[in-house]
Amino acid sequence: MATSVEYETLYTGQKMPLIGLGTWKSAPGQVKDAVKYALGVGYRHIDCAFVYGNETEVGEAIKESVGPDKGLKREEVFVTSKLWNNKHHPDDVECALRKTLQELQLDYLDLYLMHWPYAFKRGDQVFPQNPDGSVQYDLTDYKDTWKAMEKLVEKGLAKAIGLSNFNKRQMDDILSIATVKPAVLQVECHPYLAQNELIACCRSHGLVLTGYSPLGSPDRSWRKPEDPVLLEEPGIIAMAKKYNISEAQILLRWQVQRRVVTIPKSVTPARILQNLQVFDFSLSEEEMQLIGALNKNWRYIIPLITVNGKSVPRDAGHPLYPFNDPY
């Protein structure tokens, strides 16, 4: 039996499920089955991106699960994708979305996000590089990119548009010129990076915040032995024992109770189901505060590249790098 899910309502009137299936780092060959299983057990929100390289498989899963005689209508499933950095030029934006729609086998997206605030060099190279391994950038202003994204809503190709990995200053910048307002800001969010200030800013402007890596991205390839591990926090372990559930469910319930949308990634059926089963219990006010007190503004997701043989943050030197601001 499918699990029922709670929603946040976007300013557009769309209902966005509080738990979605993340597909970042889900390998081709695994992601199709994961999406099909998720839709079968009650997920109604799938988070995708062109750069993940698996939208064709996600599209196959949606096609086999959604439509006439398949038990699920298209309007019941909330699908998000993201514009990659090499397609920020206003002339490239619609083509980029049409490519994603073609891969996903859809007529429209429920939400289309600008993945990062800065642009890479125009063209078909996803990560255009200089000879030393550093990224080749382009000077396209994200406000011009946004204006092109607004036309996608006018054309019915996206029901809503939004931002990802933007800081408050950059979000305010977009809001100052937007005719079509951003509906969502997607950022890394978990108890070590609670994003309380950003959540408050979003709410004051009518945006919903989506948190990625809600479990601390335990499968990231660049983890270091000294990195803190969310799932091993004694307080989280104790709560999981008390409620007889997993540590992951405690972390997801904390977000759901804060009305933060989260998109945990998994390709394991048992975990996919478990991650959705967070709507039949509540954490006490004290437990919510204990989890919130873990905040240390610790960021797991900082893209790295190899330059001259050394691993360095990919975009930290860029003037639009979002993580130099406090939030």
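Quick reminder: no glycine exception, Cβ is built from N, Cα and C everywhere.
What Swiss-Prot says about this one:
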type	residues	note
ACT_SITE	Tyr52	active site, proton donor
BINDING	13-24, Asp47, 164-165, Ser213, Leu215, Ser217, 265-268, Arg271, 274-275	NADP(+) binding site
SITE	Lys82	site 'Lowers pKa of active site Tyr'
- Query: Do you know offhand how many angstrom separate Lys82 (site 'Lowers pKa of active site Tyr') and Gly13 (NADP(+) binding site) by C-alpha?
  - Reply: 21
- Just name the most isolated of the binding-site residues Leu21, Val267, going by other Cβ atoms within 10 Å of its Cβ. Val267
- Do any residues at least six apart in sequence from Leu215 (NADP(+) binding site), in the same chain, have a Cβ closer than 8 Å to its Cβ, and if so which, in order? His190, Leu230, Leu231, Ala248, Leu251, Leu252, Pro264
- Determine, from DSSP, whether Tyr52 (active site, proton donor) sits in helix, strand or coil. helix
- Item | Tyr52 (active site, proton donor) and Leu21 (NADP(+) binding site), Cα-Cα, nearest whole angstrom | 14
- Item | Tyr52 (active site, proton donor) and Asn275 (NADP(+) binding site), distance between Cα atoms, whole Å | 21
- Expressed in Å to no decimal places, the gap between the Cα atoms of Tyr52 (active site, proton donor) and Gly13 (NADP(+) binding site) is 28
